[in-house]
Structure formats: C-alpha cells, structure tokens
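Here the structure is laid out as structure tokens; the discussion comes afterwards.
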Amino acid sequence: MSPKVVVVGSINADLFLQVQQHPKPGETILGTGGHVSAGGKGANQACAAALLGAQVQLIGAVGDDSNAEPALSVLTKSNVDLSAVARLTDAPTGLAVVTLDQAAENSIVIVAGANGHVTGDFVGEHANAVAGADVVVLQGEVPQSANEAAAKLTTGRLIVNLAPVIGVSAELLAKCDPLIVNEHEAVQLLTDLGNDVLDPNDFDALGAQLLDFGPKSVMITLGSAGSKIFTPGQTVSVAATKVKAVDTTGAGDAFVGGVAHRLASGDDLVSAAKFASRVGAYAVQSYGAQNSYPSATDQLPQ
C-alpha cells in the first residue's frame, strides 16, 4: 500500500470568470468566458497528490446544495478518500469567485460556507486517520482550531501551507516540516508574530526569521523565480520550471500536493521541491485548478 497523505482543509466550488482586465471599483464589464469548477486549497492539494499516485484522504465539509457535486467531482475521479467529508444541511458549500485577466493575473474572493465548520472538534472525530498518516497537510482556509487539533494528532510529517495566513501557535510551528508560504505570506506571518521586516525582498532574511520561530524547515515559494528552502544551517534555491503560463489559479496548491506526494514517498525536501516545481509548471499551462493538474502518467515539463 502506498504511503498515506491526509489533508485537512477547504473544499470550494470555484466560479471562474475570464476578463480582458479586472474591473475598477464601481465598474461593470463584460466577461469573455466563465464556468464552475472544483477548488479550495485543501481539495486542490489532495487532488494533486492523489493524481500523482499518493493514497489520499481529505477531511472537510460541503453543503447539501447544488455546488457540492461540482466541488467534489474531480476528487472522486482522482480516487481521493472522501469518507471524512461531511455534507452539512446548515451551511452552503464554500464558494470562490476567481477573476482571471488576459495577463493571467487572478483575483479571488472566498466565502467559507461549510469550511467554517471544520473545527478542532470536527477533526477530532477523525483522529485515527490523522494519527495514522505518513504526511498531514494543513492550510489557512479552515478555522485555526482545526489546524491546531490536527497538528497535535500528527505522528508523521506535517506540512503547513499557511495560505491565507491565520493564527498559529508556537506548538504548531515547531512541528512544521516544512512550513510553506509565498513571499507575501512570509512577510505577513512575521508581522503577525511581532517581527519587524526590514526588507520584504530579502528572502534569505525572511527564511531565517521564520526558522527562529521553530519550524524544522521553511519553504518560501517565489512564483516564476522558483523557491527557497531553509533548514538550520542551510539554504537551497530551487529554480522554477519555465513554461508559458495561461492561468496560475491553483498552481501553488499543485506545488504543495507535489511536495506532499514526494515526501510521503521518501524523498528529501529539495528533491520534493524540484519535482513539485514541475507539477506547478504543468498546472499553469491550462485553465482552472484541479482540471489542470497532471496525473502520474503525464509528461511533466523539464
């Protein structure tokens, strides 16, 4: 049996809108296309890891509404274990409105819906699944209590992609291996933790400061500039895989899913990041999130 990855996180239906340029406040514009697809950071990361060959279980919630099926459809096809996904009658499925312009830049507005019910108590109902996982993956689109509970239950490796940045305890930070943030999230997290950031573009300093808060490793993703991996006494830069991007929606989640898959398979962090860079590059060449992710048999860009 392949190593088990458990993802605790959000599940959304994405309302995807294509525009020439983003509207200004008060402006009405005509879109060039639109559709509803599967999304949510937790669901995206679970999907990406499963498509690559990992055995994945997702812990989360959707509503008992018309958005639940599109939110879960790709996960089902990707063989993600959804036995710990609740269908709630008192909350709608999470919804994200994604607007993509012709320069492939997106803006996203998220309504949590059922994701707000994924609390520490909810995670506790699935304690055995979390405790039995080789790798546990967390993000910032569910309440802090869910992440704290999952971290305490984790006996394997803990990946925390703190996106968006939410509250986090010292105990959770100490178990991160790695903590994954982009350059903007790194600055926000350090600010929230009470650190002064003198230069937001000094990524080595950002990584070193984050390590001071206790994570075993830190990864700062830099988009087309690649990523940097920080462990005590060592910093490694990983180059981005160069492709023509048409839509970056969900690319960071594809990257995290790739890291989770390879760490669960026994890779070291640098090797996992190099592989995940290729997974993310594959994803940005197509529109949408989960529908753009590669399977284990797809040819990844070099």
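Just so it is clear, glycine is given a Cβ too, placed from its N, Cα and C backbone atoms.
Please treat TrEMBL annotations as automatic predictions, because they have not gone through curation.
Matching ASN115, ASN128, ASN147, ASN182 to the ATP binding residues that TrEMBL gives (THR221, LEU222, GLY223, SER224, ALA225, GLY226, GLY252, ASP253) identifies ASN182. Going by what TrEMBL states, the substrate site holds ASN12, ALA13, ASP14, GLY40, LYS41, GLY42, ALA43, ASN44, ASP253, and the candidate of GLU141, GLU148 recorded there is GLU141. Annotation note: ASP247 (K(+) binding site) sits in a coil segment as assigned by DSSP. Sequence-distant contacts (6 or more apart, same chain, Cβ under 8 Å) of ASN182 (ATP binding site) comprise ALA163, ILE220, THR221, LEU222, GLY223, GLY252.
Each of the binding-site residues ALA43, LEU222 was assessed for Cβ neighbours inside 10 Å, and the highest tally belongs to ALA43. Taking the domain 'Carbohydrate kinase PfkB' (4-295) as a whole, pLDDT averages 96 in the prediction. Around GLY288 (K(+) binding site), a 10 Å sphere centred on its CB holds 20 further CB atoms from the protein chains shown. In sequence order, GLY9, SER10, GLY40, LYS41, GLY42, GLY94, ILE110, ALA112, ASN115, ALA163, PRO164 constitute the residues six or more apart from GLU141 (substrate binding site) in its chain with CB-CB distances below 8 Å. Taking ALA43, ALA283, SER286, GLY288 as the binding-site residues under consideration, the smallest Cα distance to GLY226 (ATP binding site) is found for ALA283.
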